[in-house]
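*Asks:* Before anything else, here's the structure in question.
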């Protein structure tokens, strides 16, 4: 397959290099990733500034393209300008840190995959449950297998897969769970400081997790050492509320 590989940790991140090496022997892989880290930018796109693309070499060899934009920008520019015909599949990751629960909406990694789904391209986002992972073997074993299955079975229009992998060696993974997006979220705290000129500013710090207790959710499957695979889509409509709103005499 022709695969577009992107991420939100940036083109020089360990995770994207790991996925590239895991996929390159079996697939034609094109890397288009942000030049700088774009964690938690969500589905933002660049509107008021130009986008610049530059070649990137790693370990003395051409690796891919760095873009001065967001993960969603990377997918858009790759499909519109850098890959012809469009890719057969878009893979976003490996993200450092899980993307589960409500935090999915903040994720640039997941947003790259949902952007591809909006464009009608099968896609998946891949994250590992650590900001400093020590072993990618579970990722490099599972993702190529999942790609083969998706290529065979297909995905419904507008749907992508959100994959979260425990920070464990492959032989310690308990299995794979198909899950729903949970309600786990971060409870943010801000550190209030004062600069030398007396102006107040804030650092986001000391975030705590409100975890799910439903075994069908992505976060709990991950916490129990299972790989979590969640089908997600960009349609945010709450369909059950449509009839109710219609009775409000708006």
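In case you wondered, yes, glycine gets a Cβ from its N, Cα and C as well.
When I checked Swiss-Prot for this same protein, it listed these features:
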- 8, 9, 39, 95: divalent metal cation binding site (BINDING)
*Asks:* At a 10 Å cut-off from the C-beta of residue 9 (divalent metal cation binding site), count the other C-beta atoms across all protein chains.
*Replies:* 24
*Asks:* I'd like the number of other C-beta atoms within 10 A of the C-beta of residue 8 (divalent metal cation binding site), please.
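*Replies:* Result for residue 8 (divalent metal cation binding site): 32 neighbouring Cβ atoms inside 10 Å.
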*Asks:* Counting only residues 6+ away in sequence within the same chain, which have a CB under 8 Å from the CB of residue 95 (divalent metal cation binding site)?
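*Replies:* Set apart from residue 95 (divalent metal cation binding site) by at least 6 residues yet with Cβ under 8 Å, we have 7, 8, 9, 15, 107, 109, 125, 126, 127, 128.
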